[in-house]
Structures are given as C-alpha cells and as structure tokens.
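Listed features, source Swiss-Prot:
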BINDING   Thr148, Gly164, Ser167  phosphoenolpyruvate binding site
Amino acid sequence: MAVETSHDAELTWSLVLPVKPLARAKTRMAEAAGPLRQALALAVAADTVAAALRCAAVAEVIVVTDDPLAAAELSALGARVVPDEPDCGLNPALAHGAALARAARPRAGVGAMSADLPALRPAELGRALAAAAGFAESFVADAQGVGTTLYAVRPGVPFSPAFGPGSRARHAAQGARELAIEGLDSLRRDVDTPGDLRAALALGTGPRTAALAARMPAFSPGAETSRG
C-alpha cells in the first residue's frame, strides 16, 4: 500500500518529460496529420511544457530528448533539456532525468509526466501535485484507465517509474497511490491517436496544437460527421 506522509502544501516539484525524436513521434497520427505529423508532435510537446511551466508548484521542467529541433524549442520555453541517456528505453530515460533533478533540487518532489498533454491546465496539474505531496509515491491514470500520465514521488523516495502499456496496473502493484481526483481531465488526456486529439481539442488545447490541427482536414469542424 502507498505510504501516506505528512502533507506539505509548500512542496515544489521537478517534472521530467520524455520527448521522442520527432521522426519517430506520433506515428499513429500519420494518416490524419500527413506531412504535418512531426510538427504536430512538437506542438503537442511544446503546449505541454508551456502549461507545466505555468504551474506554481513546478520549480523546474526537465525534458529528456535527443531531437535537436525539439531541444531548441522546448529550451526556449524555459525547460532544461538533457540528452536521452542511457538511450535504452523510456523508464531509464526518466530515471536519468530524475537523478539530475534531485541533484539540482534535493528538497523537491520529482514527477515523470507524459509530454503528450496538449490540453493541460496548470491548475489541474497543481491540484494533482498537491495531492501527491501527501503520499510517498503516487500516480494519475490516463483517460482510458490503462496507462499513466503522471508519476510522482516525494523527496528521498525511490523513483521507480513503470511507464508503458498497462502502466496503471504496474504502478498500483508496486504500491503507488492512485490519485483518483475529479476534475483532472486535461492531465489525463494524453494524445496518441486521432480520436485522442479530437478529445483534447474538445477540452481546449494550447495554441500550437490548435493551430496545427486547424490546418488538417481530419480535424476541421464537421470532419467527424462527414466520415459517417
């Protein structure tokens, strides 16, 4: 079971976000996005990072990526960009970013968050992090109830992310507390498929994602109806 801790309303957080090389990102969007697929992947990541940086509880956003274009744009937004080490998968990359975060801010909590949350609201992220401050290890499930969009640990707690297919069950099995809080729709709405993006657009995405989607016929008003 998750260990409940004394609640620290003043706890700040370092967030680690992984960003794939754009050439390999959003492949399930290839048909809908066409030649704008890579630009869409970058827009989604940029809107996610920008929203996270506006959250008052977030002291730092660390982006783990080897993509030079993504690195330049996300660094310009204010994120700290580090290379993907040891370059052997998602969870090791997150652990690398978390180690750097703890070296810089040992008294901050550390979270790993999806970079695919273009509708993210800073206030919703803040509510989740405030709840996470009350537990040693916690997570937020995705909108499908199968994956994870946020995994968080308090200072000094081992950082053991288990992202990937079925991560909700894995995080729960290792003792992390699921933060089943109402009103976290934007934090739970990750985007991997055209249907996911339509759901995010309905919530209201950041400006970069909205602008790219407006250029794609698949996401124009009435497109869903026209497919019958």
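A Cβ is built for glycine as well, from the same backbone N, Cα and C atoms used for every other residue.
Predicted, not measured: the structure shown is a model, and the values here were computed from it.
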Which of Thr148, Gly164, Ser167, the listed binding-site residues, has fewest other Cβ atoms within 10 Å: Gly164
Pairwise C-alpha maximum, in angstrom, for the residues (Thr148, Gly164, Ser167) that bind phosphoenolpyruvate according to the record: 8
Cβ-centroid neighbourhood (8 Å) of the phosphoenolpyruvate site, Thr148, Gly164, Ser167 excluded: Gly147, Tyr151, Pro161, Ala162, Phe163, Pro165, Gly166, Arg168, Arg170, His171
DSSP state at Gly164 (phosphoenolpyruvate binding site), helix/strand/coil: coil
